[in-house]
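A.B. asks: So that we are looking at the same thing, I have put the structure below in structure tokens.
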Amino acid sequence: MKWVTFLLLLFISGSAFSRGVFRREAHKSEIAHRFKDLGEQHFKGLVLIAFSQYLQKCPYEEHIKLVQEVTDFAKTCVADENAENCDKSIHTLFGDKLCAIPKLRDNYGELADCCAKQEPERNECFLQHKDDNPNLPPFQRPEAEAMCTSFQENPTSFLGHYLHEVARRHPYFYAPELLYYAEKYNEVLTQCCTESDKAACLTPKLDAVKEKALVAAVRQRMKCSSMQRFGERAFKAWAVARMSQRFPNAEFAEITKLATDVTKINKECCHGDLLECADDRAELAKYMCENQATISSKLQACCDKPVLQKSQCLAEIEHDNIPADLPSIAADFVEDKEVCKNYAEAKDVFLGTFLYEYSRRHPDYSVSLLLRLAKKYEATLEKCCAEGDPPACYGTVLAEFQPLVEEPKNLVKTNCELYEKLGEYGFQNAVLVRYTQKAPQVSTPTLVEAARNLGRVGTKCCTLPEAQRLPCVEDYLSAILNRLCVLHEKTPVSEKVTKCCSGSLVERRPCFSALTVDETYVPKEFKAETFTFHSDICTLPDKEKQIKKQTALAELVKHKPKATEDQLKTVMGDFAQFVDKCCKAADKDNCFATEGPNLVARSKEALA
């Protein structure tokens, strides 16, 4: 991915961090330094998240003991930085704690082999054993009264359990952001637990926090995947495009500085350096608030908030207004006769400036699209600057962008129209059929999860103003497809999925969109037990009922990959009527037992 090399020269000139944010040499004890910077509450929360993300099976009580031991040790080092072991790196201290856990091999198998390694290999080994799909039961929210009682009796323990349960299910969750969501959780409970109808107050508010947190989890996993697979340069390119969209009035040097710092912070969190990551994120927020004049006119409201809220607010900040007097981008990058000379003399800066200039003019594009355009521009210059008449060759490059722009625009239009016609559940089913046909080898639970998440794009994005739809849709789809890739990589079963997941991150969504029905797939045999249901479905929450039905739908498609829309509609309609009828019957069990085989026979016949 040489097209992201533009940042090389700019790294040398440094950033806010190189001017003194990170001065490790000034601190004899890294852990004392982080404890003093973060404060005890945030320090303990981050240590709990770190242990929960590494050792995902350990109960809360065991992790809390480790957290207290690390906190007590940090306090010792704050009092005397020369005390024994205070000069050790945080990775060494944490790794030693993990490796001292009794029965580590019994509970975690090969992870125990990491303990034979030295740092930094030991930490790398721990990271490789993080499980994106741990075998943990779905998190069940307690009843409102019980939740409030537990919260009011011991708020610290209650919120600690929240951090533990989320972190161990999402081992790459952005740690300082998870602290923010715990803070929001605390606010909701503090407000609602004094209400007469606690459930009515809690449910919608906690649902909203949960939805935002789940989206944050998949977005951060994509960032870590990008870092792991393609390195820091690819991530920095993403950051330059995103920052240029948000802060179009900032100079290129400022944008590059911010992008470099954001990359460093994300690398730390993805690498398990949660204390450093959170500390540096707070420093970046401080820098941005001290330099509002050169960044954006929209920052002030964020800068008045406490540290966690400030950083989160800055991360979600609305785009600043685009300068009114921006010249045509063609002037410097197409019409200038010195384009090839400028490109050859400083490719890094020239391509970086192009990405910056194009991105600041297009807040209505997704970051993935902007990076595809930058890639196209570089490929054009590489080709044309080697020819006899370069200006004639690259003169049409901006027009050649049009097909790349139209493809995601058409995707948004088609899918939003389908969503408006079918609603969220119907749209999820359409996506499920589409992806089961593309990759029928993928496990049904994974397909159902992916389709349900992909299907939510309509609710999230299709109601937004036109200018916000494309970036919302494509950036959200990219994050969800990354989750599919992460799960598939663990147990690869589809060559098509492997191909899309192995290529460039910015080409991944178009790759999946272009997949067609897998002609090599041998249909599954029709098994009656797959479509046999019992009365327990009647008492399931609506979400669980939907998942049961969608599981059956995916299995139908695997049995008949080329089934028509009408065939599937007939079978699923028949199934819905069957469930509705038997759930209303006086003798539900008898109804399911007698009507079930008839349903199976009709379904088999309809799909013949």
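Cβ atoms here come from the backbone N, Cα and C positions, even for glycine.
Okay, so Swiss-Prot annotates it like this:
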- His27: Cu cation binding site (BINDING)
- Cys77-Cys86: disulfide bond (DISULFID)
- Cys99-Cys115: disulfide bond (DISULFID)
- Cys114-Cys125: disulfide bond (DISULFID)
- Cys148-Cys193: disulfide bond (DISULFID)
- Cys192-Cys201: disulfide bond (DISULFID)
- Cys224-Cys270: disulfide bond (DISULFID)
- Cys269-Cys277: disulfide bond (DISULFID)
- Cys289-Cys303: disulfide bond (DISULFID)
- Cys340-Cys385: disulfide bond (DISULFID)
- Cys384-Cys393: disulfide bond (DISULFID)
- Cys461-Cys472: disulfide bond (DISULFID)
- Cys582-Cys591: disulfide bond (DISULFID)
- 19-211: domain 'Albumin 1' (DOMAIN)
- 212-403: domain 'Albumin 2' (DOMAIN)
- 404-601: domain 'Albumin 3' (DOMAIN)
- Ser29: phosphoserine (MOD_RES)
- Ser89: phosphoserine (MOD_RES)
- Ser297: phosphoserine (MOD_RES)
- Ser443: phosphoserine (MOD_RES)
- Thr444: phosphothreonine (MOD_RES)
- Thr446: phosphothreonine (MOD_RES)
- Ser513: phosphoserine (MOD_RES)
- Thr570: phosphothreonine (MOD_RES)
A.B. asks: Give me the non-local Cβ neighbours of Ser443 (phosphoserine): same chain, 6+ apart in sequence, Cβ-Cβ under 8 Å, ordered along the sequence.
C.D. replies: Thr491, Val493
A.B. asks: Including all protein chains displayed, how many Cβ atoms other than that of Cys224 (disulfide bond) lie within 10 Å of its Cβ?
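C.D. replies: By my count, 23.
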A.B. asks: Distance check, please: Cα of Cys303 (disulfide bond) against Cα of Cys340 (disulfide bond), rounded to an integer number of angstrom.
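C.D. replies: Rounded to the nearest whole number, the Cα-Cα distance is 43 Å.
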A.B. asks: Closest to Thr444 (phosphothreonine): which of the disulfide-bonded residues Cys77, Cys289, Cys582, going by Cα position?
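C.D. replies: Checking each of Cys77, Cys289, Cys582 against Thr444 (phosphothreonine), the shortest Cα distance is to Cys582.
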A.B. asks: Going by C-alpha positions, which of the disulfide-bonded residues (Cys77, Cys99, Cys201, Cys385) is nearest His27 (Cu cation binding site)?
C.D. replies: Cys77
A.B. asks: Could you pull the average pLDDT for the domain 'Albumin 3' (404-601)?
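C.D. replies: Over the domain 'Albumin 3' (404-601), the predicted model scores a mean pLDDT of 91.
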A.B. asks: When you measure from the Cβ of Cys192 (disulfide bond), which residues in the chain that are at least 6 apart have a Cβ under 8 Å away?
C.D. replies: Ala144, Cys148, Lys198, Cys201, Leu202, Lys205
A.B. asks: Run through the Cβ atoms and count how many others sit within 10 Å of the one on Thr570 (phosphothreonine).
C.D. replies: 16
A.B. asks: Cα distance, Cys269 (disulfide bond) to Ser29 (phosphoserine), nearest Å?
C.D. replies: 20
A.B. asks: Roughly how many angstrom lie between the C-alpha atoms of Cys269 (disulfide bond) and Cys193 (disulfide bond)?
C.D. replies: 34
